[in-house]
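As recorded in TrEMBL, the features of this protein are as follows:
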| type | residues | note |
| --- | --- | --- |
| BINDING | GLY28, SER29, GLY30, LYS31, GLY32, THR33, ARG141, LYS184 | ATP binding site |
| BINDING | ARG54, LYS75, ILE76, VAL77, GLY102, PHE103, PRO104, ARG105, ARG145, ARG156 | ribonucleoside 5'-phosphate binding site |
| BINDING | ASN109 | CMP binding site |
Amino acid sequence: MGSAAMDVNGNFAADKKFVVVFVLGGPGSGKGTQCANIVQYFGFTHLSAGDLLRAEIKSGSENGTMIQNMIKEGKIVPSEVTIKLLQQAMLESGNDKFLIDGFPRNEENRAAFEHVTKIEPEFVLFFDCSEEEMERRLLSRNQGRVDDNIETIRKRFRVFVESSIPVIEHYEAKEKVSKIDAGKSVDEVFEDVKAIFSPYSAQAA
């Protein structure tokens, strides 16, 4: 499980070990709520790939402009770009325990992350939720969000299944997937989460 980590110059430093947990789940599976709980109870830092990309675009940097143009043209942002932002955020946080949310989105992301960072995740936390339940939650929760009509939700769900399931299968083969029934209530789901994270509680901030 020893994962090499980087020093400030982006070189690998053997003396610092990062604990990385990938958090995967479809739209409306309740990942955000549970990530906030894990941060509070177990001292992890929550990094959202999407938030980091949005922040980079907002910063107006050259990199941000490139990302924005790619998104505008409907292109996928290269794995390396997202991974660099994640690495930077990990180094700047000063923490050594991370929840990485919404990444890897597909097998190519996963392979690139391990190749670039030389970090293999401790495990993948997979919020397993039926399409019907996610649909119900998104429709009741997000009246204000234009992209949350039935068709869009179903499309997002299909994209999630097609791209993320291979990632989950890869880690399942290594016995590194903790699957949670995300159809239950928030409190019940957190009880399951707590059981999975209990080995990390001793070091909790």
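Even glycines carry a Cβ here, placed using N, Cα and C.
Nearest by CA distance to LYS184 (ATP binding site), out of the binding-site residues ARG54, ILE76, GLY102, PRO104, is GLY102.
Considering only the binding-site residues ARG54, ILE76, GLY102, THR33 (ATP binding site) has GLY102 as its nearest partner by CA-CA distance.
Straight-line distance linking the Cα atoms of the residue listed as 'CMP binding site' and ILE76 (ribonucleoside 5'-phosphate binding site), rounded to a whole number, equals 11 Å.
Here the Cα atom of GLY28 (ATP binding site) is found 12 Å from that of GLY102 (ribonucleoside 5'-phosphate binding site). Here ILE76 (ribonucleoside 5'-phosphate binding site) is positioned 23 angstrom away from LYS31 (ATP binding site), judged by their C-alpha atoms.
The binding-site residues considered are SER29, THR33, ASN109; of these, THR33 has the fewest other C-beta atoms within 10 angstroms of its C-beta. Looking only at other Cβ atoms within 10 Å, the busiest spot among the binding-site residues LYS31, ARG54, ARG141, LYS184 turns out to be LYS31. The separation of GLY32 (ATP binding site) from GLY102 (ribonucleoside 5'-phosphate binding site), Cα to Cα, is 10 Å.
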